[in-house]
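**Q** So that we are looking at the same thing, I have put the structure below in structure tokens.
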Amino acid sequence: PQPRSHADPADTGPAAPGGLFAWLRGRCLGRGAAVDPARDTFGAMTGLYGAIQPADSVSLSTRTHGAVFNLEYSPDGSVLTVACEQTEVLLFDPISSKHIKTLSEAHEDCVNNIRFLDNRLFATCSDDTTIALWDLRKLNTKVCTLHGHTSWVKNIEYDTNTRLLVTSGFDGNVIIWDTNRCTEDGCPHKKFFHTRFLMRMRLTPDCSKMLISTSSGYLLILHDLDLNKSLEVGSYPILRARRTTSSSDITSSGSSGPRAVGSPCHQNNSGPPSEKTLSRPSQREGGSPRNSLEVLTPEVPGERDRGNCITSLQLHPKGWATLLRCSSNTDDQEWTCVYEFQEGAPVRPVSPRCSLRLTHCIEEANVGRGYIKELCFSPDGRMISSPHGFGIRLLGFDAHCSELVDCLPREASPLREIRSLYSHNDVVLTTKFSPTHCQIASGCLSGRVSLYQPKF
């Protein structure tokens, strides 16, 4: 028998049932004797959230900046940026809660999203169809303005490996910007992908997949992502449309046809891929070529016979799952849903595995109709912060805030409410965890930004 190290427990060693590969997989997931040293730190931080309370608030005149649409911390947690309805971007010191700077005319219309490229450079996007690059060391002027979209730009992603900026908007376009060749006049760019009813676009942490949500209830996944290859309509292999499931039965294939958009949140003149297009098989038997497209209709509790709009889309920080905020087309129900990524062989040569499985969900407060509520994972992925009426809820996969991989249910289970925090007088639209401190920020429709920290 293979000798076992004194540090390897019997139930996780290479000679244990499942063999060496099962043991290595356990190590990757943070189990067994060899774990990520940061795991204990994250566990301690998670424990602190049990004592979290409203700590401070920053209330500026709503006549200048309006509603808060997005919050973003710098990677080192030293700056909190706020995207506002009335063309402004606010900057705060999140530790002292002091206002640092107001970019009063950051854009000519609503500022929708902010993304840090590193600790000093960040990008903003707006309903004025532009993206702006900023440097914290010189905030009096923009580094440059990027033109390329023809409608409201709603979110920004960044690939740190290639230094490519990725943006999406209500024109249905996903555009790639090469920041390696950035000048005062902008960056070289190209249209990467186009789809109808585009709502949100995200990259997985390793940039191996791109997820795109639509207001018609579809979720598109580009597998084996290659951002250097521009995709024209019809040039990418289409994988068979699937409906995600919350049970172990993932062999049944189903798809729903294009639906009319009934949500007042989003209006444009596009639609999802047609059924004729979806029937095209994969180009490679038993696998997916680069940038192969999978089209899913995620199952939402209580929405089996009704359309839904995917209004918010986030990724687990370790790439294990995706987090969706869904509303019915009649806007009378909202849900927060967690879908686990399922890797493995396709069910059939012409159809991929059903890549997502519904694991957890919870119904949300049906307030602030017509506004998107942006939710988020904690830095360790153990908790979710979700706007809930005039406050936020901290949600866990179980009562102990366990890792998702340690408490995967056989059937979809309710998310556990760990804590509810209320300090606003209006509907909360966005919330964000600090990447370095035990702190949460939230912003509401009337322009108030609240911070939450532990109190003992």
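Each Cβ is built from the backbone N, Cα and C atoms, and glycine gets one as well.
According to TrEMBL, the record shows the following:
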- 244-256: compositional bias 'Low complexity' (COMPBIAS)
- 244-305: region 'Disordered' (REGION)
- 104-137: repeat 'WD' (REPEAT)
- 146-178: repeat 'WD' (REPEAT)
**Q** Please compute the mean pLDDT of the model over the repeat 'WD' (146-178).
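**A** Taking every residue in the repeat 'WD' (146-178) and averaging pLDDT yields 95.
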**Q** Under an 8 Å Cβ to Cβ limit, what residues of the same chain, 6 or more beyond the ends of the repeat 'WD' (146-178), are close to it?
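**A** Cβ under 8 Å, 6 or more out: 109-110, 112-117, 123-127, 129-133, 186-203, 207, 210, 212, 227-228, 230, 266, 268, 270.
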**Q** By DSSP, how many residues in the repeat 'WD' (104-137) are helix, how many strand, and how many coil?
**A** 0 helix, 18 strand, 16 coil
